[in-house]
Structures are given as structure tokens and as C-alpha cells.
């Protein structure tokens, strides 16, 4: 087993953007398959779990897990590696990458920042649209791109429920809520917001931000419900695809719980989910080539404010069906200069990144696949967010077939009881 060596002439930024764990999507402290030298893993356990799938495309594979992985560094090509014996010989680094870029002053505004030494003049080309109060909606400058979801085996589960009841199509999303165009007092209908802002922003940039989504009162009620869940001990450690590998807490430091929206004390969270569904329903058929026919339950997440975050990763690296990530933030008076906690998105193939501050009543959409690697930078104050993932019908169906035929690296679980983590909504 040969390790990748450092040196000049290393991979380009676009090549680095395509290097991630084939199983969980993690993008740091990678190990390279020493046989084909084109696939990467964050640990040997994930390599073993992915072998049944990977051996079909691994050059020189012999039908068994006979190849190993070596530590990957981004700064140079490695010499050709000899085919290792069936027993892997390289030790996995036990220290997971926890490095984050420090949040700068302007990084808290939801605008694009250039990665040094990119030209700052090329960084900002915001897409603005209706929002409530004095707020505005900003989409980052990025090609159609694609979390926070956890790469979590129990996230997906077959269900056949209808979308939750929601407001009349075209109506405002909440009685006293936002979605008002700048300078206007009349709420912007969900249909107009979806078709005139979200659809074009997503198709052009792959990232879309809507501020003052539901209004101060509704946002406060959602925050109260989330804090009540936290105070009553409903949150547990965020999970990875596999808990067999070490340092999972170094990879993600959040506490989470899963909500359907019908639980006692979660009625306003249910309203939020219905409002998200309204927007997606209006967008459906117009977001790329996706046909959205379901979603997960809501993942309510809390970073406790002790400097934890979530390292750079991809929500859906393996075609599990998730196509759109939708995140709602609950953090009043958030100051990223003091509290950090920025969601930084690295759109594939772009010299810029997008910094999204987790501001109160802010809604964020982005593609869930490999086009949008992202990280949550260390948070030094309690940071709350609610995330829902929407499924593409065709990719979801293919993922289920892969699971049923033994390609379990897709991590789709079927036929779970109704109180399990994930849920399809049709």
C-alpha cells in the first residue's frame, strides 16, 4: 500500500472538489484506493463497506477486498502503487479534520467570498427577490450546485403519506409572516416567490436564500418549540453513515432530533414544514430535471456553542435520492464575527465560496448532491437549524433498487416502523 506523496504540481481546486469519501462524502483527511487511485475514503471501514460496489469499477480488482488506501494529500501525485496483499496495511489517521476557515466580518452576510487568490470583483453577483420586512433574499454566485444532512443510514425510509396540509396554493405562508417584496406591505404569494425567485435562482446558482420567511411571531414560536425539545432531552448526537469509525464527534458536533410535525408541542414546526412543502410543490418540475415526490422528516439540529461544527462534506454523494436541501435558521441577533457558525458552501468548479450566516427566520435551499460540498464552521453560541431533504422520484427509485440488490453503500433502509428517523412524503 503506497501513500500519496506531496510535492509541486498537485491537483487543481476543481480536482480537489471532486475528491470525497465514496461512502459518506467527507472531503478531508482522505485515503486513496491504492489499486485504482481514483476513489477516496475517509477511513478503511468505509472502504470495506463500499467494496461490493467499488470492486465493479476498480481497475485490476480481483473480486475481493484486496486493495488498501493510503493517506491522500492534495499537494501532488503519488507514484504508482503496487497491488497490496488481501490484508490492508496502511493505518488510518485517527485525527479527523476539524480545520475551518475563521469567519470574517463580511462572511456573515450570506454573500459570496472569493477563495484566495481569486479576484474579489468576481465574487458578488447576488440574486435578490421578495422577503419580509426590511430583509432581502440573496442567492450566492455559483453554477447550479448542490449536508446538512447527515450521511445517515437511518435517514431514509419508505412511507406513503401525503404532504401535510398546507395553506391554499398561492396564499402567503403565514398570517403575519414575511415574503414581502422590498418596499411593499402586501405579502408575496408562495407561487410568485417560487416561480419568480426560487426556481431561477436555483437553476442559475444552485443556492437560494430567502430572509424573513415566516415573520417574527411565527419564527419565535418555532424557536420556542425547538428549545423545549432541547430542554427536555430529546436531542442526541448527530450520526454518520457508520459509527464504527473513530472521531465521529470531530467530524460533526451537533445534537439532533427528528420531527414529523404532528407531535404535541411541535405544531408550529409542522407549519414550517407545510410552508416548505408549498414552495417545493410550486417549484416542482422546474428545478432542473428533478421530479420531487417526497421528503424526509425534519432534522432539528443544535450546535451547543462549544466550538463544534461539521467538517466539509456532501449531503448526497451516492445517489440516495435527495436532490434539494432546505434549511431554516432560528438564531436571533446572530453575529458571526463573535459566534461563528457560518455555513460555507463550495460550489463545484467555482473559485468562490458562499458564506451563509444562520440568521433568524432565514430559509436556505441548495442542491444536495456533489455539486455543493459544504461545512458548518465552529459555533461559539447555541445555534439552531431545521433541515428537510426532498427526494427526486427517479433517483430515489434507483437507490431502492441498488439497496435491494445488495449495494448497501447507498444506505437506504426500507420498511422501518413509523417512528423511525426518515420519512418519504408523497
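Every residue, even glycine, has its Cβ placed from backbone N, Cα and C.
According to Swiss-Prot, the N-acetylalanine annotation covers 2, on the basis of a large-scale study or a structure entry.
Positions annotated as phosphoserine by Swiss-Prot, on the basis of a large-scale study or a structure entry: 12 (among others).
Residues annotated as Zn(2+) 1 binding site in Swiss-Prot, with sequence analysis given as evidence: 21, 24, 42, 46. Secondary structure at residue 21 (Zn(2+) 1 binding site), as computed by DSSP, is strand. In this view, residue 21 (Zn(2+) 1 binding site) is surrounded by 27 other Cβ atoms within 10 Å of its Cβ, with every protein chain counted.
Residues or ranges marked as zinc finger in Swiss-Prot: 21-58.
Residues or ranges marked as Zn(2+) 2 binding site in Swiss-Prot (evidence: sequence analysis): 33, 36, 54, 58. Classification of residue 36 (Zn(2+) 2 binding site) by DSSP places it in coil, neither helical nor stranded. All protein chains considered, the CB of residue 36 (Zn(2+) 2 binding site) has 16 other CB atoms within 10 Å.
The region 'Disordered' annotation in Swiss-Prot covers 65-129 (among others).
As annotated by Swiss-Prot, compositional bias 'Pro residues' applies to 77-87.
For 125 (among others), the entry in Swiss-Prot reads phosphoserine.
What Swiss-Prot records for 160-184 (among others) is region 'Disordered'.
The S-nitrosocysteine annotation in Swiss-Prot covers 201 (among others) and is backed by experimental evidence. Taken residue by residue with DSSP, residue 201 (S-nitrosocysteine) is part of a helix.
According to Swiss-Prot, the S-nitrosocysteine annotation covers 208 (among others), on the basis of experimental evidence. There are 26 other Cβ atoms within 10 Å of the Cβ belonging to residue 208 (S-nitrosocysteine).
Cβ neighbours of residue 302 (S-nitrosocysteine) (same chain, under 8 Å, six or more residues apart in sequence): 226, 230, 235, 254, 255, 256, 382, 383, 384. Look at Swiss-Prot and you will find 302 (among others) tagged as S-nitrosocysteine.
Here the Cβ of residue 315 (Fe cation binding site) has 27 other Cβ atoms within 10 Å, regardless of which shown protein chain they belong to. Taken from Swiss-Prot, the feature Fe cation binding site applies to 313, 315, 374.
Note: residue 323 (S-nitrosocysteine) has non-local neighbours 287, 288, 290, 292, 316, 367, 368, 369, 390, 391, 392, 395, i.e. same-chain residues 6+ apart with C-beta under 8 A of its own C-beta. Here Swiss-Prot flags 323 (among others) as S-nitrosocysteine.
If you look up Swiss-Prot, you'll see 326 (among others) marked as S-nitrosocysteine, on the strength of experimental evidence. DSSP gives residue 326 (S-nitrosocysteine) a strand state.
The 2-oxoglutarate binding site feature in Swiss-Prot is assigned to 383; the stated evidence is a curator's inference. There are 26 other Cβ atoms within 10 Å of the Cβ belonging to residue 383 (2-oxoglutarate binding site).
According to DSSP, residue 54 (Zn(2+) 2 binding site) is assigned to a helical segment. All protein chains included, residue 54 (Zn(2+) 2 binding site) registers 22 other Cβ atoms within 10 Å of its own Cβ. Taking CA atoms as the reference points, residue 46 (Zn(2+) 1 binding site) and residue 33 (Zn(2+) 2 binding site) are 12 Å apart. If you take the Cα of residue 201 (S-nitrosocysteine) and the Cα of residue 58 (Zn(2+) 2 binding site), they are about 38 angstrom apart, rounded to a whole number. Residue pair residue 58 (Zn(2+) 2 binding site) / residue 21 (Zn(2+) 1 binding site) shows a Cα separation of 15 Å. Between the C-alpha atoms of residue 326 (S-nitrosocysteine) and residue 313 (Fe cation binding site), the distance comes to 16 Å.
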